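Student: Sharing the features that Swiss-Prot gives for it:
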| type | residues | note |
| --- | --- | --- |
| BINDING | Y24, Y49, T118, I119, D120, L121, D122, R129, Q130, F131, G132, R133, Q139, V140 | mRNA binding site |
| COMPBIAS | 176-194 | compositional bias 'Basic residues' |
| DOMAIN | 46-124 | domain 'RRM' |
| REGION | 176-200 | region 'Disordered' |
Amino acid sequence: MSLAEFDELRWDHSCDRLDVPSNYLKRKARKTPGGLEELRKSMTSATIYVGNLSFYTSEEQLYELFSKCGSIEKIIMGLDRFKFTPCGFCFIIYQTPQEALAALKYLSKTKLDDREITIDLDPGFEEGRQFGRGKNGGQVSDELRFEFDASRGGFYVPLENRIGAVNHFGARRIRDPHKNHHHHHHGHHHHHGQPHAAAAKVNPMEVEEELDSYIPGQ
């Protein structure tokens with residue numbers, strides 16, 4: 001699939017334009033059937049996607065900030081699909097596409113609740129997209145996050161579910177390969193062609209491994 005019209009756009013400028021689709025949208029368009037048409041729709045849509053929000057940012061705060069770029073018809077908060085609590089993103093629907101582009105140009109990377117928010121074009125909101133798609137109900141990006149983030153739920157996935165014995169992430173320790181494998185040959189008579197089981201050699205590659213169950217902070 002060719003996205004030349006979005007990669008090039010025949011714009012000769014000394015700096016990058018701000019009213020263009022993100023690399024994420026272009027990658028998605030290449031991988032998804034009908035993605036190019038969806039990308040074109042996002043250029044004329046009055047809807048924007050806002051990400052990297054604090055879980056504690058309110059709809060009123062969003063309205064106050066984004067209404068500086070135009071008349072807002074609706075704000076749809078992103079929710080954890082199990083808890084129905086905010087999970088760090090939203091959709092904002094303006095009255096015109098020009099207002100949506102203005103928000104993209106002038107409000108991207110604005111700091112809101114001490115977080116640098118991200119804004120992207122959106123082809124249009126559909127019911128169901130307000131819910132997180134992660135395994136635990138929130139956003140996938142939070143489930144991949146390793147560091148503590150107080151404004152986005154702390155350690156979103158419990159530490160013990162990501163490291164230590166659960167995911168076999170800790171260091172491995174090999175048991176003593178000679179422990180409990182001493183062979184006593186005194187007093188035993190071996191018949192020719194029938195080696196005794198106790199005389200079998202220990203294969204170091206088959207030695208049982210002991211997982212290091214140490215988890216930081218515990």
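Glycine too: its Cβ is placed from the backbone N, Cα and C atoms.
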Student: Looking only at the domain 'RRM' (46-124), what are its DSSP counts of helix, strand and coil residues?
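Tutor: Counting residues per DSSP class in the domain 'RRM' (46-124), I get 22 helix, 31 strand, 26 coil.
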Student: Output the one of T118, Q130, Q139 that, of all these binding-site residues, has the highest number of other Cβ atoms within 10 Å of its Cβ.
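Tutor: That would be Q139, with the highest Cβ count within 10 Å.
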Student: Could you check what DSSP calls Y24 (mRNA binding site) once collapsed to helix, strand or coil?
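Tutor: Where Y24 (mRNA binding site) sits, the three-state DSSP reduction gives helix.
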Student: What number of additional C-beta atoms lies within 10 angstroms of the C-beta atom of Y24 (mRNA binding site)?
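Tutor: Result for Y24 (mRNA binding site): 12 other Cβ atoms within 10 Å.
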Student: Which whole number of Å gives the largest C-alpha distance between any two of Y24, Y49, T118, I119, D120, L121, D122, R129, Q130, F131, G132, R133, Q139, V140, the residues noted as binding mRNA?
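Tutor: Across Y24, Y49, T118, I119, D120, L121, D122, R129, Q130, F131, G132, R133, Q139, V140, the widest Cα separation comes out at 20 Å.
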Student: Calculate the per-residue pLDDT averaged over the domain 'RRM' (46-124) and state the result as an integer.
Tutor: 95
Student: Please report the number of other Cβ atoms within 10 Å of the Cβ of D122 (mRNA binding site).
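Tutor: Around D122 (mRNA binding site), other Cβ atoms within 10 Å: 23.
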Student: Tally every other Cβ atom lying within 10 Å of the Cβ atom of G132 (mRNA binding site).
Tutor: 24
